[in-house]
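Undergrad: Grabbed the feature section from Swiss-Prot, which reads as follows:
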- SER2: N-acetylserine (MOD_RES)
- 2-139: domain 'ADF-H 1' (DOMAIN)
- SER143: phosphoserine (MOD_RES)
- 175-313: domain 'ADF-H 2' (DOMAIN)
- SER277: phosphoserine (MOD_RES)
- TYR309: phosphotyrosine (MOD_RES)
- 316-350: region 'Disordered' (REGION)
- THR349: phosphothreonine (MOD_RES)
Amino acid sequence: MSHRTGIQASEDVKEIFARARNGKYRLLKISIENEQLVIGSYSQPSDSWDKDYDSFVLPLLEDKQPCYILFRLDSQNAQGYEWIFIAWSPDHSHVRQKMLYAATRATLKKEFGGGHIKDEVFGTVKEDVSLHGYKKYLLSQSSPAPLTAAEEELRQIKINEVQTDVGVDTKHQTLQGVAFPISREAFQALEKLNNRQLNYVQLEIDIKNEIIILANTTDTELKDLPKRIPKDSARYHFFLYKHSHEGDYLESIVFIYSMPGYTCSIRERMLYSSCKSPLLEIVERQLQMGVIRKIEIDNGDELTADFLYEEVHPKQHAHKQSFAKPKGPAGKRGIRRLIRGPAETEATTD
């Protein structure tokens, strides 16, 4: 895009650039006038670069006019003194001016000599290109590249979240995540639930104080469970699911993680996702609570009687029973196994 502008440096400007590269100047201000790069002002060193910086740079920045500033550091590389290239494009400047200066940046760097430019700083407000702003820029350059909010959320979820439905033969994993402490009231409520003194416990994260606290212990029937799910904030729920299955009366503890989509802040979603696995580890190991099922929902309306029953007692796929093996000869079969690994075959007697 820089070639489309046709803007070049005049011979006078090139001569000043040459003297500047040799250390004569501390600062050059360059503008675009009549389709040429021109020197607006220049200054010689007065003190060390950091003491000169703000007093030299900031007074030259106009509120509605873009410009370029080349500021010389005291350090040198193989080609000579090192420079900071500042591209100033204030918010209130004309759009055409912004585009013109953006398109000519590469031309200016080529004319001056890119090997002399140590850092490039872009600013729309003075704080961006002040000495403090430059130091913040250096700090950001030494840190990992920043992610977008969505990328950061996804990264945290992938790093911190460990599968909670693991088989009995799964090797032990070090659980990663944010292990916020659990308040005394919340822990006591979970103990009561485990002892069947409560049938519902709702927990929330106190984000400001970084602790998991008790939110609700209202006696809850299955038909009332959807009403307990907030529509504008995340929660953890432990529910004592009383039901019958194949003629047996069962009381099963179900963990429900409710996250109402994107009505919550990114920070809230990240924290609830990260704290979930450490919370379950504490509950299952320290309280010896048998959590029969872990469910994630974004809407309380999902918690119907049929949904919960099928989550706790998943239906067997019909095709698994479609091709039954024929029975072997009488007297040749061993004791029938109820659970068989994939590699196992029917045991036979001697």
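Quick reminder: no glycine exception, Cβ is built from N, Cα and C everywhere.
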Undergrad: With every protein chain in view, how many other Cβ atoms are within 10 Å of the Cβ of TYR309 (phosphotyrosine)?
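TA: There are 16 such Cβ atoms around TYR309 (phosphotyrosine).
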Undergrad: I need the CA-to-CA distance for TYR309 (phosphotyrosine) versus SER277 (phosphoserine), whole Å please.
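TA: One finds 23 Å between the Cα atoms of these residues.
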Undergrad: Taking 10 A as the limit, how many CB atoms besides its own sit near the CB of SER277 (phosphoserine)?
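TA: SER277 (phosphoserine) is surrounded by 21 other Cβ atoms within 10 Å.
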Undergrad: By DSSP assignment, list the helix, strand and coil residue numbers for the domain 'ADF-H 2' (175-313), in that order.
TA: 53 helix, 43 strand, 43 coil
